[in-house]
Amino acid sequence: MNVSQQIEPRAAASERNMADAIRFLSMDAVEKANSGHPGMPMGMADAVTVLFNRFIRIDPSLPDWPDRDRFVLSAGHGSMLLYSLHHLIGFADMPMAELSSFRQLGSKTAGHPEYGHALGIETTTGPLGQGISTAVGMAMAEQMMASRFGSALCNHFTYVVAGDGCLQEGISHEAIDLAGHLKLRKLVVLWDDNRISIDGSTDLSTSMNQLARFRAASWDAQAVDGHDPEAVAKALERARRTRKPSLIACRTRIGKGAASMEGSHKTHGAALGDKEIAATREKLGWPHPPFFVPPEIRAAWAKVAARGRTAREAWDIRLDASRSKKRYEQTIRRQFDGELGDLLAKFRSAHRTRATKVATRQASQMALEVINGATALTIGGSADLTGSNLTMTSQTQPISPGNFKGRYLHYGIREHGMAAAMNGIALHGGFIPYGGTFLVFSDYARGAMRLSALMGLPVIYVLTHDSIGLGEDGPTHQPVEHLAMLRATPNLNVFRPADIIETAECWEIALGEKNTPSVLALSRQALPMLRRTEGNENQSALGAYVLREARGNRDITILATGSEVEIAVAAAERLQAEEGIAAAVVSMPCWEKFEVQDLAYRRKVLGDAPRIAIEAAGRLGWDRWMGPDGAFVGMTGFGASAPAGDLYRHFGITADHVVAEALELLRRAYSETLPIGARIGPHPSAHTVRSSQEA
């Protein structure tokens, strides 16, 4: 049976009335809120009605049905289009009261769609270009799942509504190029080609031939009248048959139907006003009061939900009959085998015995070799830095056009597109994506990384070459402010491990996260194994811990992360040997994990002695751990081009400098009357902090 035979025909007149319901709900909600964007929902109501009424398979009674079609409103400012649809097809959490509470505190109808805030919202959109780029990841995941479980269990489309702004954003170029290369044939983008931007006509800023652009990227591209239901339906039928991703340029008029403002940029981001809405009701023959939908139109929309429910029930039968049911359900839930934790514990024990000295990026690859061998859930990748990020292992064969059985994506030099695609893979379900680039290039991925955190997605960012330790490539490639930027992001774990033991621990934590993305900031340079104590406890899970306790009562505490923990240990040993100063070293691989520990633990780790912090990055954020009188050894500006060792010496990030700073800190904290080599005891106002052996 061909596609057209599978699609139930609908009368255009009925669809016009169904579309008008979207228009008036959108107008009414924006008017009541006196805030919002009515123009896009009004303009795209006709095309989206055809999509939902004839094609899309969604079951509102089971919104997370794994084989549902995905609908992504990339032009998220038109959120009332989505909320109106959800109300009309019967999502339980979208009664009319929610529409009338649009953009109000505590409502389900936020200004832009937010994943997890209401049922059926596939991804958070609003930053233009993110939705279409995230949808590329969803389409990838669909193809990967289909290659593993067959079309009987995984056979759905990803539909996107994108606007002019989405296609102007740079991330769209990355996503479109990658989707075309991979031939993501179940990705269909309906472009709201209204040629209007906030400032006015789009010809103020662009002359782009978007159809030619998409065709150049190996997409199928069509142009239709977006207000002609049969033309839209015919284009969708073709899109569902093609072997490429599809663009349907829907030529529309923003604010379609408005009495006097149709086609005006003024309908984009403001309420139309009582008079304009009243005139529009008269023009379109809609005599109903605000927030009212006639029963016959509700009945028409209810058929959309019924069709979706029928499709879902048929899928349930296929799943129950499948020999792969258990494996499928474990995969879609991202359920690990229990042996992974044991394997990583053995890994740590073996390398502790060997005292393995490697760069933490290499330690990451070694840990990934264990992880990827123990689970098939992980999907790796890199933005054209595989050999530097070391994100590929023996189990991760590349994914290529027509072959989605692999477990590794060559994203190309598309950091932002990679991050958004990983969001889409995570949102789809079935996989845990990780992807690599240099830490400094997190700038390019920032928009999508922020959405990872906002949505609470278990995406893992492998960000290597994490400091001036990368050396000769110079300040363009040396991150200074990036750790502070990432740590300032809510709900993002930033791990900076000090050695192979901590690296394996950080991977274990990241893989266990259900609602938080992770960053692994990893070194280029080799680092010694520092954790010599035996035990299976994952100390990095505490965020910070005492790596080296002082001999006796602490005189000073040295805090550090990553490659600078080695420097902290060397400085502590010199302070003890040369100055008789008892120094403890605290490794802080994850501030976010440390700050959620109880107060007693944090006090025990940090102690009451003066503190000095070391990190080959900017100071911002460290004062909360150092205290008001602490000292910082790190970067105060951009780096330089030179061998790594020379740079550490040039910028004073050395054990010598730490010792000097520690002595000065102690002089200020206690008394300048003591000889430099004298035994300096605890601060008179401080509580005595005993070593772990004495506690």
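Placement of Cβ uses the backbone N, Cα and C atoms for every residue, glycine included.
Remember, predicted model here, so these are calculated numbers, not experimental data.
Taken from Swiss-Prot, the feature active site, proton donor covers GLU415. Long-range Cβ neighbours of GLU415 (active site, proton donor) (same chain, at least 6 residues apart, Cβ-Cβ under 8 Å): ALA383, THR437, PHE441, SER442, TYR444, ALA445.
Taking Cβ-Cβ distances under 8 Å and a sequence separation of 6 or more, the neighbours of HIS37 (substrate binding site) in its chain are VAL30, HIS77, GLY78, SER79, MET80, HIS268, GLY269. DSSP gives HIS37 (substrate binding site) a coil state; it is part of no helix or strand. Swiss-Prot lists HIS37, HIS268, ARG361, SER388, HIS465, ASP473, ARG524 with the feature substrate binding site.
The thiamine diphosphate binding site annotation in Swiss-Prot covers HIS77, GLY126, PRO127, LEU128, GLY165, ASN194, HIS268, PHE441. Taking a C-beta cut-off of under 8 angstroms and a sequence separation of 6 or more, PRO127 (thiamine diphosphate binding site) has the following same-chain neighbours: GLY76, GLY447, LEU451.
DSSP classifies ASP164 (Mg(2+) binding site) as helix under the three-state reduction. All protein chains included, ASP164 (Mg(2+) binding site) registers 21 other Cβ atoms within 10 Å of its own Cβ. Annotated Mg(2+) binding site per Swiss-Prot: ASP164, ASN194, ILE196, in sequence order.
Under the heading site 'Important for catalytic activity', Swiss-Prot lists HIS37 (among others), citing similarity to another entry as support.
Per Swiss-Prot, site 'Important for catalytic activity' is recorded for HIS268 (among others), and the stated evidence type is similarity to another entry. Cβ neighbours within 10 Å of HIS268 (substrate binding site), excluding its own Cβ and spanning all shown chains: 22.
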Have a look at the binding-site residues ASP164, GLY165, ASN194, ILE196 and say which one has the shortest Cα distance to ARG524 (substrate binding site).
GLY165
Write out the long-range same-chain contacts of GLY126 (thiamine diphosphate binding site), meaning residues 6 or more apart in sequence whose Cβ is under 8 Å from its Cβ.
GLY76, HIS77, GLY111, HIS112, PRO113
Counting Cβ neighbours within 10 Å across all chains shown, tell me which of the binding-site residues HIS77, HIS465, ARG524 comes out on top.
HIS465
Inter-residue C-alpha distance, SER388 (substrate binding site) and LEU128 (thiamine diphosphate binding site) (nearest angstrom):
31
HIS465 (substrate binding site) versus binding-site residues ASP164, GLY165, ASN194 - nearest by Cα:
GLY165
Nearest to ARG361 (substrate binding site) by C-alpha distance, among the binding-site residues ASP164, ASN194, ILE196, is ASP164
When the binding-site residues LEU128, ILE196 are compared by other Cβ atoms within 10 Å, fewest goes to LEU128
Quick check for the class: what is the C-alpha distance, in angstrom and rounded, between ASP473 (substrate binding site) and LEU128 (thiamine diphosphate binding site)?
33
Relative to the Cβ position of ASN194 (thiamine diphosphate binding site), how many further Cβ atoms are located within 10 Å?
26
